[in-house]
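Only one structure is covered here, and it is reproduced in the block below.
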């Protein structure tokens, strides 16, 4: 597939505005020239047929969809409309509740697939009526599909051809992402949704208060909806109750994914759906009941408010999940009420397919809880116990049970873990690719670690800790807030992302980075000289990885081969080519400070 040129929404909007002004100043009488050969229409009979690559009745592959930021191309234009894959290529890149990898899905649809699928939907676009600008319908479609909805509405006012094209584009849309401004009325959402009868995926970012009227509008306008995501911004309040949410889920029998923020007013709910597979609810507080009758649910993420007066019974909730949602693979629970009792209830249920477990902010989760998890779930790929009270002993239990499966371990905000435990975990987990140890090796007397320009050489011995990590597969390492760390040695050939934010006691002369693939380093709040030391070592790693052996062409000048220094004297021409090649192959590392 040839890369499509990026057309900025601002540029396209400006062009549309200019076209509108020209339309007001003169009357559009249509085109006087033939749309195929360019000759005057008067007395003209065109003998040319439409070229095969620009059909007279173009285009749109299967329904046009709005690609989300996680699955878009290098353009990150919000709410842009792009062509959807054909039915032979289905892309379901739903971000997992417990996935900490950046999703970089690309649309791999090539032009042949696009042409083959273009006949499935007859848009009846006539190239002769596309005015002004005299675009072919194919070119107009390529321009309009890059516009956000607001600009697409403006484009419909240019002329009849543009209005018909934009109308058919709305009609074919499968996915839509909308930012609802603070002053917008409920009719704003309804007017947009009524234009998209084929809509399957909907994402709303709401900046004002909303209630069940929004759900009713969505249910009425989107009969085929499968994925719904509602996020809040600013001071927006979600006033949807638990009964209203339960009614919506029960009526939308095709709904497979529901993600909603600001669920502080639910009070309690009973969700019943045979199709729902992904459920994210955040800002939950004091729920009187939580009933899940969703046999196909595979992923659940429940985040509770960080208030001490939360009265939600997590033990009863976990028991209910075990009875009705036996297919769960990913579980994420963030609550201050997490305790060892909840963990025991979770292990007693024994989810057979569980692969990712995240229990965050559970200060009452101890090494005994780790022992229960290790005995009940021996195939975990991700384990997140951030904010717990586990120690190095708990890390040892994890390493003993999960060395063959665990690839992601997150133990941030665990003050009882030391650098020795972290080193032991990296040595005993050969498949580890991501590790988050933020705020573990930190100074307990400093709640707010700050930058220290001239640290004192005389520190309390217990607070100065050193860390030596050697790992063949580790790709991401986070040591943010480890203010007691004064020496760091990393030998990780696959490491690409390193977070050293607020490592204020880390000395430049005590930092060794043997990471040739390092691409991104965070060093905010560190010593001033540390950034220079990082940049120097990364540069040296790249230089060490380059091949400085001279090369020589064969007798027929067809191929370059390595030659021994004693047998070959490098010429100026070879040096120029080698320098260009090294310049192209060299990768840059970004340091954020």
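Cβ coordinates are placed from backbone N, Cα and C, and glycine is handled just like the others.
Since we're looking at a predicted model, the values are computed, not measured.
Confidence in the domain 'F-box' (120-177), given as mean pLDDT, stands at 73. Summarising the annotation, Swiss-Prot assigns domain 'F-box' to 120-177.
For the repeat 'LRR 1' (178-206), residue counts in helix, strand and coil come to 8 helix, 9 strand, 12 coil, using DSSP. Under the heading repeat 'LRR 1', Swiss-Prot lists 178-206.
For the repeat 'LRR 2' (207-232), the list of distant contacts is 94, 179-184, 186, 189-190, 193-194, 196-201, 238-241, 244-245, 248, 251-252, 254-262: same-chain residues at least six beyond its ends, Cβ to Cβ under 8 Å. According to Swiss-Prot, the repeat 'LRR 2' annotation covers 207-232.
Swiss-Prot lists 237-262 with the feature repeat 'LRR 3'.
What Swiss-Prot lists as repeat 'LRR 4' is 276-304.
Taken from Swiss-Prot, the feature repeat 'LRR 5' covers 335-361. Within the same chain, residues 96-99, 298, 302-304, 306-308, 310, 312, 314-315, 318-319, 321-322, 326-329, 368-369, 372-373, 375-377, 379-388, 410 sit at least 6 positions outside the repeat 'LRR 5' (335-361) and bring their C-beta atoms closer than 8 Å to a C-beta of that stretch.
Residues or ranges marked as repeat 'LRR 6' by Swiss-Prot: 362-387.
As annotated by Swiss-Prot, repeat 'LRR 7' applies to 414-439. Taken residue by residue, the repeat 'LRR 7' (414-439) breaks down under DSSP into 10 helix, 3 strand, 13 coil.
Same-chain residues lying 6 or more positions outside the repeat 'LRR 8' (477-502) and placing a CB less than 8 Å from one of its CB atoms are 412, 419, 434-443, 446, 449, 459, 463-471, 510-526, 530, 534. Among the features that Swiss-Prot reports, repeat 'LRR 8' is placed at 477-502.
According to Swiss-Prot, the feature repeat 'LRR 9' maps to 503-525. Across the range of the repeat 'LRR 9' (503-525), the DSSP-based residue counts are 3 helix, 7 strand, 13 coil.
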Q. Taking residues 6+ outside the repeat 'LRR 6' (362-387), which of them lie with a CB under 8 Å of any CB in it?
A. 98-100, 332, 335-336, 338-340, 342-344, 346-348, 350-351, 354-356, 393-394, 397-398, 400-402, 405-414, 436
